[in-house]
Amino acid sequence: MDREPLSSGRLHCSARYKHKRSASSSSAGTTSSGHKDRRSDYDYCGSRRHQRSSSRRRSRSRSSSESPPPEPRHRSGRSSRDRERMHKSREHPQASRCIGVFGLNTNTSQHKVRELFNKYGPIERIQMVIDAQTQRSRGFCFIYFEKLSDARAAKDSCSGIEVDGRRIRVDFSITQRAHTPTPGVYLGRQPRGKAPRSFSPRRGRRVYHDRSASPYDNYRDRYDYRNDRYDRNLRRSPSRNRYTRNRSYSRSRSPQLRRTSSRY
């Protein structure tokens with residue numbers, strides 16, 4: 001009578017233990033399957049990302065291979081096409097009412113130029129290019145006609161003729177705007193470490209070079225400037241003066257030391 005409830009109790013405990021193991025195994029299976037699913041999803045997404053990045057790289061490489069290489073630029077910043085276009089415009093300028101007369105004699109006056117070109121049509125104005133320093137003609141001028149046909153006729157008729165012993169060249173002007181007078185002096189940026197021609201670094205004054213001066217005078221000026229610069233360096237550097245003072249002091253004391261040593 002007593003053994004029956006014990007067997008039934010043992011059976012109940014074993015059933016509960018089996019139920020727990022089955023539940024734990026099922027949960028472990030779900031977690032493992034969940035991990036597997038996550039890994040598979042990650043692998044799928046990673047492969048898709050890899051495919052996208054590789055396709056982007058291919059498209060970039062194709063676009064870079066298809067695009068032409070950049071044009072080499074000149075020191076002035078202009079490309080080769082711009083320089084070719086400018087060269088062509090200089091060789092074959094467009095027809096305009098302004099013509100340029102080049103190769104003139106520096107003694108040819110504006111009045112003579114007007115008499116020469118006035119027979120082809122009414123002239124609006126003549127601009128002689130004058131040197132600012134010498135106040136003389138630089139050998140070319142610009143003539144503005146009122147009509148384009150008159151400017152074309154003057155160009156075709158007067159190009160190559162001889163005026164005051166010089167054969168002139170007539171062509172259309174490259175620029176369509178009014179020409180500004182040239183100052184006769186270089187107005188660009190000066191290179192580093194160099195002063196303008198008319199400026200002397202010594203005492204900051206202007207020096208006017210005389211062509212009749214002898215080479216000895218130039219040598220003397222350079223020698224004086226070198227001595228002045230050496231004196232300024234001596235005055236500015238105290239360490240060099242200290243060294244010279246110590247050296248003179250040692251020279252003055254050296255004979256006395258020798259005499260005292262000889263006594264003993």
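The backbone N, Cα and C atoms fix where each Cβ goes, glycine too.
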Listed as phosphoserine by Swiss-Prot, one of SER237, SER254:
SER254
Annotated phosphoserine residue, as Swiss-Prot has it, among SER40, SER47, SER137:
SER40
Across the domain 'RRM' (97-175), what are the DSSP residue counts per state (helix, strand, coil)?
22 helix, 30 strand, 27 coil
